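Colleague: Annotations per TrEMBL:
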type	residues	note
DOMAIN	6-121	domain 'Tetrahydrofolate dehydrogenase/cyclohydrolase catalytic'
DOMAIN	140-290	domain 'Tetrahydrofolate dehydrogenase/cyclohydrolase NAD(P)-binding'
BINDING	167, 168, 169, 233	NADP(+) binding site
Ligand SMILES: Nc1nc2c(c(=O)[nH]1)N[C@@H](CN(C=O)c1ccc(C(=O)N[C@@H](CCC(=O)O)C(=O)O)cc1)CN2
């Protein structure tokens, strides 16, 4: 069997187009555009690229983009003071603090300072609680993007399907498991201490790998016909491309997975592009809720 490649880039472009189309009606109803504030602390090269991409995508969608770049030695209290100003700013519907933060800052303290109704990352404990209890809230972008790709393939109801999420982070693994559970899948969360991980993965119709270990999930770990979502983005040495060259790989051995699975997301071009598209979607949703408007359809 040769599995299908799930093209996250194409899906993300479609979602961004739908978000963009919903901005004009919002502007007509409220007299303003949805606004997203992104805060970057320090000069981490990957974070700089992601923040730049977020700004570009926000503007392309017709929304207001407010970018705040702070030096790496900014005191935590100053960052929290900025977050509090953004909480109070009526033109800002969404606030995102780019992670990772410099070591002297407590990510949890900064995230908890964000107004939960502007927390477009969905990382605030209030949004985690809303997701766990089935209340409407803001859902983390990467897991929601994975769920959209899965729904597109398998439909909204995953009754009777078994799903394994490899990784238990608050940002991906745990919310991913909650979303799968809400869609009626039978969910296992596996992690570094799971005994016989290959056997656990072999039982799953749906595999979500979010563990941060290059190509850890091998083709012979997979159940024939499984749908595989690879969240990992790992940069590894690629001497075959020349001295000092690197390439990106996921947590799944992609070529091997294609031999057994039904469908697999590639890296790059799978889950990654969905993260920014869902961020725009969450900003639009937050803007509608804050304006007392019904949620836009088809998102
Ligand atoms: N506050 C947040 N911080 C971080 C998040 C997040 O969701 N919120 N996620 C990641 C970084 N990230 C967005 O911030 C992100 C990562 C990857 C991609 C992406 O499109 N990746 C491409 C490959 C890009 C490359 O060539 O390097 C792909 O997979 O195709 C988008 C966004 C950590 N921080």
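For all residues, glycine too, the Cβ spot is worked out from N, Cα and C.
TrEMBL does not curate its annotations; it predicts them automatically.
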Colleague: Indicate whether residue 169 (NADP(+) binding site) is helix, strand or coil by DSSP.
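Modeller: Reduced to three states, the DSSP call for residue 169 (NADP(+) binding site) is coil.
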Colleague: Using a 10 Å cut-off on Cβ-Cβ distances across all protein chains shown, tell me which of the binding-site residues (167, 168, 169) has the largest neighbour count.
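Modeller: It comes out as 167.
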Colleague: Anything from the binding-site residues 167, 168, 169, 233 with its Cβ under 6 A from ligand 1? List those in sequence order.
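Modeller: So the answer is 233.
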Colleague: Could you give me the DSSP helix, strand and coil counts for the domain 'Tetrahydrofolate dehydrogenase/cyclohydrolase catalytic' (6-121)?
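Modeller: Secondary-structure composition of the domain 'Tetrahydrofolate dehydrogenase/cyclohydrolase catalytic' (6-121): 62 helix, 19 strand, 35 coil.
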Colleague: Tell me the Cβ contacts of residue 233 (NADP(+) binding site) under 8 Å, same chain only and six or more apart in sequence, or just say none.
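Modeller: In sequence order, the residues whose Cβ lies under 8 Å from that of residue 233 (NADP(+) binding site) (at least 6 apart) are 248, 250, 267, 268, 272.
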Colleague: What span in Å does the NADP(+) site cover, taken as the longest CA to CA distance among 167, 168, 169, 233?
Modeller: 16
Colleague: For the domain 'Tetrahydrofolate dehydrogenase/cyclohydrolase NAD(P)-binding' (140-290), provide the mean pLDDT of the predicted model.
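Modeller: Average per-residue pLDDT within the domain 'Tetrahydrofolate dehydrogenase/cyclohydrolase NAD(P)-binding' (140-290): 98.
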Colleague: Tell me, by DSSP, whether residue 233 (NADP(+) binding site) is helix, strand or coil?
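Modeller: SS state of residue 233 (NADP(+) binding site) = coil.
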